[in-house]
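Below is one structure, written out as structure tokens; the observations come after it.
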Amino acid sequence: MWPLARRSRKMTRLLFLTQSLSSNPKPISHSHTYYNYSVSRSFHNSISKLSLAFLHPIRSPAICAFCSKPSSAAGVGSLPSMTEDISHLTQREAAEIDEILMGPLGFSVDQLMELAGLSVATSIAEVYKPSEYNRVLAICGPGNNGGDGLVAARHLHHFGYKPSVCYPKRTAKPLYTSLVTQLESLSVPFISVEDLPLDLSKDFDIIVDAMFGFSFHGSPRPPFDILIQKLVCIKNYDQTRQKSSAIVSIDIPSGWHVEGGGGAEGIKPDMLVSLTAPKLCAKKFFGPHHFLGGRFVPPSVADKYKLRLPPYPGTSMCVRIGRPAQVDISALRENYISPEFLEEQVEADPFDQFRKWFDDVVAAGLREPNAMALSTASKNGKPSSRMVLLKGFDKNGFVWYTNYESRKAHELSENPHASLLFYWDGLNRQVRVEGSVQKVSDEESDQYFHSRPRGSQIGAIVSKQSTVVPGRHVLYDQYKELEEKFSDGSIIPKPKNWGGYRLKPELFEFWQGQKSRLHDRLQYSPEEINGQQVWKIERLAP
């Protein structure tokens, strides 16, 4: 993806200054073959005034959200309603931005290539889980786009995939030879063009198209013309096969022109990972998955080029853009891969087993390991569920806190029985707990209430949980009033209608996801033996 600038930083800055001051600079001619691709995209493109053909700018900052969507296992981040809402770069504009990044802003080629390759790998991992799409072939060209593919292959290896690399025209520069060495040290196989099968779908679940990027011109020469045809043929084979390899193109599909497209005979990828910003040809991409990656555009560049880009969610290196793919809900499934969960390996006491699994979740760094679904029912048997947070557990039971005038509290007063469900996706585990419920002591509730942040204490007073309010402004005004009242640091009294509940377990079930839906389910239920209560462990059919 990134140009390997042969000129000095001083010369780069001089060109950037010329670009900024000149109103009509003359373009510099560029090569029409892929052999110059690895030299520098930017020096082979015009250093000219930016065209103002973008969408109208938005208010500062230039990188702005279009809509919000919480991240999930199935996808990430904010989804703009349409790809047209996002800036698309011409070849010239993309080259200029590269020069700015690698000139005044001080990025190096290897930094940008590492970020690009990681973005590609994380985008792939968002859609194609290694349990279903494990075998990956990265086809890498001789330039920077190929380098992005090599970096992506390394990250995919660490993500649990089994990558192979086809790298027919190797670049002798140290950056590229180092990437090859890194892959070889991981025992990632390199496959020659001659050894590739005629039908790539037989041996590979994912094909990473990292042959040519946005600076490529002209017709691909051997062996890349043959490789591109192999990718084109995948979709032809797909007409007679239920599943074919998924094609993932980096920045632009190889053989496409930045400001045109690939034509009827071009590669039709399933996923496009645009870097920095989508190129104009991305408007002609109709595959189901379009991601933006890189996360290296600083505000100064976004403002200068009036870029409209979605925000990256959390710590993610990629964000889905464009229309979300149409999903066949009936086809959504996960083939879990987990260690066996056997009777002879579990703790005799379910509380000890829960503690063991809970510690595993904390050690794995999963988000909110204490989140649990609490299900209650009215006296008429009408159920309701909601997510709450576990705030303590021991041999006496599981404790959470809430408003005693909420719906769940009313249902518990009528029917003091409930169930809890913990779901830990990252470990393919869940735990169900059923039992009777009673309030904890006032002293216990008071002690926990005053251990909370003062903002949470005030929020508990403001929220008349489950009642109708005219609008958020009512809650906000009441909160600000109480915040001012207790701004002197005085003790905030616990509301009388707020406190804890404790569920005393009468049944546990520990679930571990396994392949082919043959999940492990071990149930603990109490029984009396010789006048003593013990826990009976039984395996349930999945």
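Cβ atoms here come from the backbone N, Cα and C positions, even for glycine.
Averaged across the domain 'YjeF N-terminal' (94-309), pLDDT for the predicted model comes to 92. Residues annotated as domain 'YjeF N-terminal' in TrEMBL: 94-309.
The (6S)-NADPHX binding site annotation in TrEMBL covers N144, N145, G146, G147, D148, G213, F214, S215, F216, H217, G218, S219, D251.
Taking all protein chains in view, 31 other C-beta atoms sit within 10 angstroms of the C-beta of N145 (K(+) binding site). The annotation K(+) binding site is assigned in TrEMBL to N145, D209, S254.
Separation of the C-alpha atoms of D209 (K(+) binding site) and G146 ((6S)-NADPHX binding site): 9 Å, rounded to the nearest whole number. Around the Cβ of S254 (K(+) binding site), a 10 Å sphere holds 26 further Cβ atoms from the protein chains shown. In this entry, (6S)-NADPHX is bound by N144, N145, G146, G147, D148, G213, F214, S215, F216, H217, G218, S219, D251, whose most widely separated C-alpha atoms sit 21 angstrom apart. Excluding N145, D209, S254 themselves, the residues of that chain whose CB lies within 8 A of the CB mean position for the K(+) site are, in sequence, I139, G141, G146, G149, A210, M211, F212, G213, S249, I250, D251, I252, P253.
For the binding-site residues D148, D209, D251, the greatest number of Cβ atoms within 10 Å around a candidate Cβ is found at D148.
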